[in-house]
Structures are given as structure tokens and as C-alpha cells.
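Asks: Got a structure for you, written out below as C-alpha cells; questions coming shortly.
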């Protein structure tokens, strides 16, 4: 019995595969253009020797960067955001890790309620959270300041840490904890010598995300801040004057470059730590902690 081949099917399958590859590549290109394109345009126009954001270019200049770093309002706004994020991020990691440990390692009747309550800020719009915080502080007679901004940043950021760490703890091999307890380890020794070293990549990623969320947050900072402005609020306040647009472009480009460099550097350090350990899990899996 002769075995028949179907070259037409093979050609159709190959054509379909090629078409799928082309479409996937085009989709990725469109996404990159939408995400990265505005940032690249912002960076390009920050070097244009014109206060008008339009072509043609009038010449290359660094005067907008000099103007940005010489403006005390810009320096104060960036400093406020950096200091605020540097305080909020580790606090959120500590609170989120403690909450994740309690939700994943203890069984109690209201655990589902507390888990839902901890995750609620992740789905509530920041605009709503900002207005809610404003009403809360007004009713309590609390003067708005960087402290009130920080309190609200913690409220909306630590649930992200809780979710990341909880997902990692769920996948954590409990046999290691049981072995440590059997060998006489206390709860403190269990956390510091067994659990935290395994959670280090996830905690590092959570620290990065927490810092970025706090630094870049506008809605909550706008409604819950006093006279001291954070960087996003300052950007909003000066965008109403067109002559300040080049300065905004310059300082925004500088901030974006620093943020990307810090995130990438931290990511590479964490990755090298995991590689030195020789872990069987990939770095991405350890950071994601099972969020798939």
C-alpha cells in the first residue's frame, strides 16, 4: 500500500506558521512603540534648543538640563520623592512579608476576610484611594504633609508585597521548615536562617516595585500632600505653562534613566546571587513566586 504525502498540507502549515510569526512580531513591535515611543520622544526633545515641542530641531543643547538642576523646586520635588520612596519601600516589604507569613502559615477562621482586605487596595483605583485618604485626614484634623502621603503610599503598596511574598511562600518547601524545627530552631532562627534567604530574590523585587510605586504615584500624592510637592505633583503643576515643557522633558528623562539603571542593576545583582547559589529554579520563577 503506497503511503501518500500531502505537500499541500505541509505548505499550508508552513505558511500558517510564518504568518503567525509575522503577526506576533508585529504585535510586539506595536506594543514596544506604544510603550517606549513616548519616552524616546521625550528624551529626544529634551535636547532640542527650542521651547516648542515640535519639528524641525533648532539645534542640540543641554541648557534645559542645566535649568532643571538649577531650579530649587525641581531639586526639592525629586528629593521629596526619593526620600519618601526610600522610607515607604522597606516598610512595605516588612509589613507585606509579615502579613504574607501570617496568611500562609496560620489557619484561622477570618483568614479569607483579612486576605481580601489586604488585597483590596490592588483593585481599588488610586484616585479613589487618594480622595478617601483626603477625607480621612480632614475628618481627623490631620494636617496634610509628606507624612500623610507616606501613610497612604504604604496603604496601597504593601498589599503588592503581600501578594508577591505569599505566592512565593505557598511554593516554599515546608519540609525545610519542619527539618529546622526538628533540629531545634526557634521561630526567629527559622525566619532568619531558612525562610528569608530563600525569599531574598522575591523581597528584592518587591523592594524595587514598592520604591517605583511610591516614587511615581501622582493621584495619592496630589490629594494627600501639603505644600511640599513630590516629583509627579510638580510635573503636573508646571505642565500648565508651555515654557516649562523642555525643563519637564529634561528632568523626566534624567529620572527615567536613573530609575531604569537602578532597576536593571538590582535585577542583575539578584540574578547573580541566585546563579551563585546554583538553584534549580530560574530567577524569574523565584521572583514571581508562582504568579502564573
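Placed from the backbone N, Cα and C atoms, the Cβ positions cover glycine too.
Okay, these came from TrEMBL:
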type     : residues : note
DOMAIN   : 78-270   : domain 'ABC transmembrane type-1'
TRANSMEM : 21-47    : transmembrane segment
TRANSMEM : 82-101   : transmembrane segment
TRANSMEM : 113-138  : transmembrane segment
TRANSMEM : 144-165  : transmembrane segment
TRANSMEM : 194-215  : transmembrane segment
TRANSMEM : 247-270  : transmembrane segment
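Could you place the listed features in the three-dimensional structure?
Replies: If one looks beyond the transmembrane segment (21-47) by at least 6 residues along the same chain, the residues whose Cβ comes under 8 Å of a Cβ in the stretch are 53, 60-62, 64-65, 246, 249-250, 252-253, 256.
Sequence-distant contacts of the transmembrane segment (82-101) (same chain, at least 6 residues past either end, Cβ-Cβ under 8 Å): 118, 146, 149-150, 153-154, 157-166, 169, 191, 195, 199, 203, 206-207, 210-212, 214-215, 230.
Among residues of the same chain six or more beyond the transmembrane segment (144-165), those with a C-beta under 8 A of the stretch's C-beta atoms are 80, 83-85, 87-89, 91-93, 95-97, 99-101, 103, 118-122, 126, 129-130, 133-134, 137, 199, 202-203, 205-206, 209-210, 213-214, 217, 220-221, 224-226, 228, 230, 289, 291.
Sequence-distant contacts of the transmembrane segment (194-215), counting only residues of its own chain at least 6 positions beyond either end whose CB sits under 8 Å from a CB of the stretch, comprise 81-82, 84-86, 88-90, 92-93, 96-97, 101, 150, 153, 156-158, 160-161, 164-165, 168-169, 172, 176-177, 180, 185, 231, 259, 263, 266-267, 269-270, 273-274, 283, 286-287, 289.
Non-local neighbours of the transmembrane segment (247-270) in the same chain are 39, 42-43, 45-46, 53, 64-65, 67-69, 71, 74, 78, 200-201, 204-205, 207-208, 212, 215, 231, 235, 238-239, 283, 287; each lies 6+ residues outside the stretch with a CB under 8 Å from one of its CB atoms.
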